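**Q** Take a look at this one; I'll ask things after.
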2 protein chains.
Amino acid sequence: MSVGVVNAARLLGRLRTLGDVGRDGQGRLVRLAGSDADKAGRDLLAAWMREAGLEVAVDRIGNMFGVWRAGVDPKAPPVMMGSHIDTVIDAGIYDGCTGVLGGLEVIQALKEGGFAPRRPLAVAAFTNEEGVRYAPDMMGSLVTAGGLSVEDALASVGTDGAILGAELERIGYAGAEEPGFLKPHAYLELHVEQGPVLEREGFSIGAVATLQGISWQRVTIVGEANHAGTTPMSLRRDAGVAAARVVTFLSDRARASNTPTVATIGCMRFEPDAINVIPSRATFTVDLRDPDEARLQEEEAALAGYLDKLQDSEGVAISVERLARFQPVTFDYRLVAMIETAARTRGLACRRMTSGAGHDAQMIARVAPAAMIFVPSLGGISHNPRENTPDADIIAGASILLDVVTSLASE
Amino acid sequence: MSVGVVNAARLLGRLRTLGDVGRDGQGRLVRLAGSDADKAGRDLLAAWMREAGLEVAVDRIGNMFGVWRAGVDPKAPPVMMGSHIDTVIDAGIYDGCTGVLGGLEVIQALKEGGFAPRRPLAVAAFTNEEGVRYAPDMMGSLVTAGGLSVEDALASVGTDGAILGAELERIGYAGAEEPGFLKPHAYLELHVEQGPVLEREGFSIGAVATLQGISWQRVTIVGEANHAGTTPMSLRRDAGVAAARVVTFLSDRARASNTPTVATIGCMRFEPDAINVIPSRATFTVDLRDPDEARLQEEEAALAGYLDKLQDSEGVAISVERLARFQPVTFDYRLVAMIETAARTRGLACRRMTSGAGHDAQMIARVAPAAMIFVPSLGGISHNPRENTPDADIIAGASILLDVVTSLASE
């Protein structure tokens, strides 16, 4: 049905080759945005784009694009694929790179197969998705979507004190194009799941229909330290008990709900942390997620109301610090259905799903129809050198990407 | 009314002098049982006993006694006072020593005042109350009460590998007397409270009527780590949520009760302790106390039953390790009333109370009528160089001890 076939050896070979760029003295993969390692990765990607016969364009925030004009109306919005090639510290080789190199492979395969698209095809590598050196994360796609001015983004100061704009100049990736200069007809991002669902449930393909909104808060409860033996229950102001009440409140509420809301308390600390001393302070994180913004706000409000009452009932002082907040995203229904159809046609087990993590696609979704294709992450492991996806799943994901892009480029 | 008066300068001076014995290179007070520092403290105490005209006796476990025979029937059970002079690492000067030197001062004051007792008076310094170098704590009084054989106690291996029996030989305090050779008519222990109640409530004297039973356990809950974004609530095995349920269960139960039961979770640890990872493991301590053994056992059983149910309801594995267990003690009602009467007569504000901590008196209470007199600990601080009790309170406590001993020795 498709006029091109993914070249498995080429795609997997490029993933491994790029995965060796940016190894530090300890052998860790560290390709932080704007660094020398980032330049080396970008140079390699640009060379591969040119080798595939693509035009390479770079915008002011450093987003890179490989474009196959294909001799069609140059004003026609391209079908765009992409992701990022920057990494966390001590990263695996799949996160981000799978989507960029998968997109490049799809274009190259279609070209080689003699495909005649009705609109240009493009593959993007967005700057600083990981947000390790510069905040915020997903920066390049956020600027593209108009959520952050390019000037503010370029002025970002890195964890090492270096200004992003100066670093992009230095490594040769401060481009001339205005961010958003390529407005996609549609955007598709192939990505490793970074979670356990596909592997555990036996699916090769995830058709990502929504991306959860995320609310991260740190709650600090201050009570009063006292001797565990000599302080009657009625006189206690026990920060640990108050914290435990918040944990059970959030868990009970999320469990009782019929919604996909999830609530997690991952970090917890008691002070002074002594067996015979009533905790004077408890500090913990709250991770709330929901694919629906109104529900996420409801959950935040419910927590705030509970904390208010708790201050009185437990005699404690509670403060809350917001650590992160992202609105949920609903991906394009038609694109999601196309992914499912393509998987069915190829006989691949496909599951419609929500992304628990943030991705460039959530930013591009603000300005164009967008969706994501997930492939399994063994053990759900990511941001770790043990990150792994079987070769067959990488090729399956790239093939689904090829099928959907073929359809879209024929429109 | 009394025929003797506590010599404030002598008692306070001895407390400070003994408090300077056993300072380490950093100036910390460290007088661990059986050590050279312990020998130095014991030698000083023995010299003061002899200076007061007392016979010095040492039993096989190293308990020291200063006895005033007073020319009465040598078979008559003595009125005994006492406590311990071993310390924790980086101790204050009051814990234990107040009771030993207070008892010595009472005997000396009564002798000097021309008091003619009807029975001998004795002051005891029990070996290894703190249990820092050798386990268990309260060892000397436990052996005296028959709760541990002298052979087993002497065979104890210290944290430094030294055998207690050999250490007592080495420092010259492996005595000849069989533990328990002096069976008290009554036993009284003056001690700093080591808690905040007396100071906070404005009392100078605590008449200690009971000593709480203590149950210390460490609970480990093992669930499954998973991604906070991708794991539905229904599939979670969240060790942190299970731990929080235990905390609220214990707190709610103790609060709803009409008993003095107290329950404290002082230590709490989540693993892996990451904001976006469901806790795979939660480890926490449970400190349960009650002055009534049957109630303490009920509380332990209630916890065990709750943990059992929790394993099923939360899909977690729970293990419990017992860290310490002491039965509650009810002190002698008549002695407690005598303390209260003496305080009222002297116009001192006195509160009947429970001891939250363990003391030698709880062991001696197994074999003789016993009670304790508490004096305030500023800020509730103990086992710390900042441990402090105002001079006036030390003298007040010793004076009440003198009054009660005067009455008992006249019986």
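Cβ coordinates come from backbone N, Cα and C, glycine included.
Remember, TrEMBL labels are computer predictions, not curated facts.
A quick note: this is a predicted structure, and the numbers were derived from the prediction, not measured.
Look at TrEMBL and you will find B:H84, B:D95, B:H191 tagged as Zn(2+) 1 binding site. If you look up TrEMBL, you'll see B:D95, B:E130, B:H383 marked as Zn(2+) 2 binding site. TrEMBL lists B:211-311 with the feature domain 'Peptidase M20 dimerisation'.
Surface or core, plus neighbours and distances: that's what I need for these features.
**A** Every protein chain shown contributes to the tally, and the Cβ of B:H191 (Zn(2+) 1 binding site) ends up with 28 other Cβ atoms within 10 Å.
Its Cβ taken as reference, B:H383 (Zn(2+) 2 binding site) is surrounded by 17 other Cβ atoms within 10 Å in the chains shown. DSSP gives B:H383 (Zn(2+) 2 binding site) a coil state; it is part of no helix or strand.
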**Q** Give me the CA-CA distance between B:H383 (Zn(2+) 2 binding site) and B:D95 (Zn(2+) 1 binding site), in Å, as a whole number.
**A** 8
**Q** If you average pLDDT over the domain 'Peptidase M20 dimerisation' (B:211-311), what do you get?
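**A** On average, pLDDT over the domain 'Peptidase M20 dimerisation' (B:211-311) sits at 93.
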**Q** Within a 10 Å radius of its Cβ, which of these binding-site residues (B:D95, B:E130) has the fewest neighbouring Cβ atoms?
**A** B:E130
**Q** Based on DSSP, tally up the residues of the domain 'Peptidase M20 dimerisation' (B:211-311) by helix, strand and coil.
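**A** Breakdown, helix to coil: 40 helix, 32 strand, 29 coil.
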**Q** Can you see whether DSSP assigns B:H191 (Zn(2+) 1 binding site) to helix, strand or coil?
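**A** Once the DSSP labels are grouped into three classes, B:H191 (Zn(2+) 1 binding site) ends up as strand.
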**Q** Other residues near the Zn(2+) 1 site, CB within 8 A of the CB centroid of B:H84, B:D95, B:H191?
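**A** Same chain, not in B:H84, B:D95, B:H191, Cβ within 8 Å: B:S83, B:Y94, B:G96, B:C97, B:T98, B:G99, B:V100, B:E129, B:E189, B:V192, B:H359, B:D360.
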**Q** Whole-number Å only: compute the distance from the Cα of B:H191 (Zn(2+) 1 binding site) to the Cα of B:E130 (Zn(2+) 2 binding site).
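**A** Each residue's Cα considered, B:H191 (Zn(2+) 1 binding site) and B:E130 (Zn(2+) 2 binding site) end up 14 Å apart.
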**Q** Under a criterion of Cβ-Cβ distance under 8 Å and sequence separation of at least 6, what residues of the same chain contact B:H84 (Zn(2+) 1 binding site)?
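**A** Long-range Cβ contacts: B:G96, B:G99, B:V100, B:A125, B:F126, B:T127, B:N128, B:E129, B:E130, B:G140, B:D360.
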